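Swiss-Prot annotations:
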ACT_SITE  Ser155  active site, charge relay system
ACT_SITE  Glu173  active site, charge relay system
ACT_SITE  His197  active site, charge relay system
Amino acid sequence: MAPKVVDRRNTMPQLQAKSLEMRTPQATKTAVLVIGGAEDKVHGREILRTFFGRAGASKAYITIIPSASREPAIIGGRYIRIFEEMGAEKVEILDIREREQCESSQVKASLEACSGVFLTGGDQLRLCGVLSDTPVMEIIRQRVRGGQLTLAGTSAGAAVMGHHMIAGGGSGETPNRSLVDMATGLGLIPEVIVDQHFHNRNRMGRLISAVAAHPDRLGIGIDEDTCAVFERDGWLQVLGKGSVTIVDPTELTHTNEPHVGANEPLTVHNLRLHILSYGDRFHLYQRTVLPAVHRISS
């Protein structure tokens, strides 16, 4: 069955009916926040406040993992100050730089007890190299799946969310195989391939290139100071100042990706594209889109 898609040109009665449907998906307490980088850390801090609230607000015990960064103490300290100012009950840094540290009973105990984990930006390959296939990652994965933990990742911390991960590449070019470097991510949301700093760095071409190589995955491009909040019921909702771009290959009919040279242009037929902004929703499994309630006239 083809997925249902909201056509914004629908008649008003249809839009009003969708308005009621929009109110149906209820946010569960915990969530996974995938942030496109450069989130507001000074003024309204909406995205960081949303993470703080989902992690327990004044009762939050937040653990910051700055393993992607070359300056983990500095970047971790910045987030500690932010969440302490918001009123978190406890905030700590787990400065994990080597895989052996993931065996530490103290580290594992912290992750079993905390209510929120924040993965900072930096280098996604460094982050995966430290955390993948470790007890630390297993604790995070199981607690997220069980609805016991709110997880956020920004920039590199967002890139690692899928099983197939964009490790690097170019920007602003015609889609081709050499435009994107792929690696294995942490698989927290295995159905997606995430790119970050998306429109800010002109990365549409490389996300399409990644999806052409893995047409069983959903491409998600997230702008700076923008967040895709993944709920446990399959819905994602957009927060922040930019947009979230969905590249959906569900109905893809043809790509030449397996047969062309690395620098030759790609052919990709029948991709579906959604551009979502504040309040819009998308269902990860049903491939359904719903507009923000505030955009529907009463």
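Yeah, the Cβs are placed from backbone N, Cα and C, and that goes for glycine too.
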Cβ-Cβ neighbours of Glu173 (active site, charge relay system) (radius 10 Å): 16
Ser155 (active site, charge relay system) to His197 (active site, charge relay system) - Cα separation in whole Å: 7
Mapped DSSP class for His197 (active site, charge relay system), helix or strand or coil: coil
Cβ contacts of His197 (active site, charge relay system) (under 8 Å, same chain, 6 or more positions away): Gly36, Gly37, Ala38, Ser155, Arg203, Asp223, Glu224
